[in-house]
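Here is what Swiss-Prot says about this protein:
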- Tyr133, Gln194, Asn217: NAD(+) binding site (BINDING)
- Ser240, Gln262, His265, His331, Asp364, Glu418, His423: substrate binding site (BINDING)
- Gln262, His265, Asp364, His423: Zn(2+) binding site (BINDING)
- Glu330: active site, proton acceptor (ACT_SITE)
- His331: active site, proton acceptor (ACT_SITE)
Amino acid sequence: MLNIRKLSANADGFKAELEALLAWETVSNDSVNEIVKDVLKNVRERGDEALLEYTAKFDRLTLAKGSDLEIPKSELEAALKRIPKDQRDGLELSAQRVKDYHEKQVMKSWSYTEDDGTFLGQQVTCLDRVGLYVPGGKAAYPSSVIMNAIPAKVAGVPELIMVVPTPDGEVNDMVLAAAAICGVDRVFTLGGAQAVAALAYGTETVPPVDKVVGPGNIFVATAKREVFGTVGIDMIAGPSEILVYCDGKTNPDWIAMDLFSQAEHDEDAQSILVTQDAEFAEKVYLSMNKLVKTLPREEIITKAITDRGAIIVVDNEDQAIELINYIAPEHLELSIDEPKALLPKIKHAGAIFMGRFTAEALGDYCAGPNHVLPTSRTARFSSPLGVYDFQKRSSLIMCSAEGANMLGQVAGVLADGEGLQAHAASARYRVKD
């Protein structure tokens, strides 16, 4: 039988148990930090030469020169033709739905003119070049290409550079096909911290980017953290999470499989069921034990459920909402009768899946909203990846003579108060005598 925590929100010591459940070690440690810093320094100083060495060492792929790291566009198109029609159709439908959704996120420039003629506004522009990291090998995820590339392209980013490791020369056709569909401009066979370094600093072959996005292992996550400041990054993602709040009226098999959909990602993933119905909680537990045996990732799921899973019984809806907002889950399912009525009370969640028919997996692939979401309680202060992550804002100010006269007097007084005489003088030069 699966050994999952069964908790009552009213029990003594519940808060301590909850904190232990949610605790997650940082994405890095001293050993990883040292390795990553060495890789970053090496790539920054030696460029393509270092990339070729690391590719041979870690991916067992020997290439003669830097230009061999690039996968030609013709290969992307060939991969698109090679994959089965149902996969191609699925990728294209997913890309279109993600595009349709993200087009509604585009920020627009705006401005207004005050009575004295002073012009104020905000100009929105896109990033020039973005780097997309995609995990490679047999565990490659073409959905990651779609979710990261489409918002960048919708934002208007003119150049999107993708890096994907190809261990032993193994290329994942679905990943390359997704890159072709999404309009990725250049693809390099690079992985690990060295790929992040190449994107951040540039080499003779790989152009430097303005922002690095995309998931990766502990070395990739640590490298992204290290290069932040030189370039922007999307986020440092922790293990995948799902919290299902159910009123007891949904098929327990559905809920069990929804919990497994995140647990199968890796052994550190977290799956939590919150319900007011203790009998239903037990039904879900029985379903979990029945269904886990049917899945090829049974071992991973069992470890994740044992180490970080929980079934939590609450007294009422208000207690459930308080718990949800405290946990701030990456994925939240509201498997209840009137989920929309609960929305005003839900403050912290990466994505909210409403109703009994909305499996979280639909959001992972093709619903439309982005599947790159804040984890480890960071939904308290951060948001899903979107078009706005590939746009930036510039403030616009143009003073009329009359406006400069009025504002100059105010700025002069404030600058004097801060002891900044050059500021005060600069403002007052524009003041009429």
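Count begins at 1; order follows the chain as displayed.
Quick reminder: no glycine exception, Cβ is built from N, Cα and C everywhere.
A gap of 45 Å separates the Cα atoms of Gln194 (NAD(+) binding site) and His423 (substrate binding site). Residues Tyr133, Gln194, Asn217 make up the record's NAD(+) site, and a Cβ search at 8 Å around their centroid adds Pro135, Val163, Pro165, Leu190, Gly191, Gly192, Ala193, Ala195, Val196, Gly216, Phe219, Val220, Ala223 from the same chain. The least crowded of the binding-site residues Gln194, Asn217, Gln262, judged by other CB atoms within 10 A of its own CB, is Asn217. Each of the binding-site residues His265, His331, His423 was scored by the other Cβ atoms within 10 Å of its Cβ; the lowest score goes to His423.
Under 8 Å, Cβ to Cβ, and six or more positions away along its own chain, Asp364 (substrate binding site) finds Ser143, Ser261, His371. Cβ-based neighbour count (10 Å, all protein chains) for Tyr133 (NAD(+) binding site) stands at 29.
All chains included, 24 other C-beta atoms sit within 10 angstroms of the C-beta of Ser240 (substrate binding site). Taking every pair among Tyr133, Gln194, Asn217, the residues recorded as binding NAD(+), the greatest CA to CA distance is 13 Å.
Closest to Glu330 (active site, proton acceptor) by Cα-Cα distance, out of the binding-site residues Tyr133, Ser240, Gln262, Glu418, His423, is Ser240. Among the listed recorded positions, namely Glu330, Glu418, the Cβ with the most fellow Cβ atoms inside 10 Å is that of Glu330. In this entry, Ser240, Gln262, His265, His331, Asp364, Glu418, His423 make up the residues listed for substrate, with the farthest two CA atoms of the set 56 Å from each other.
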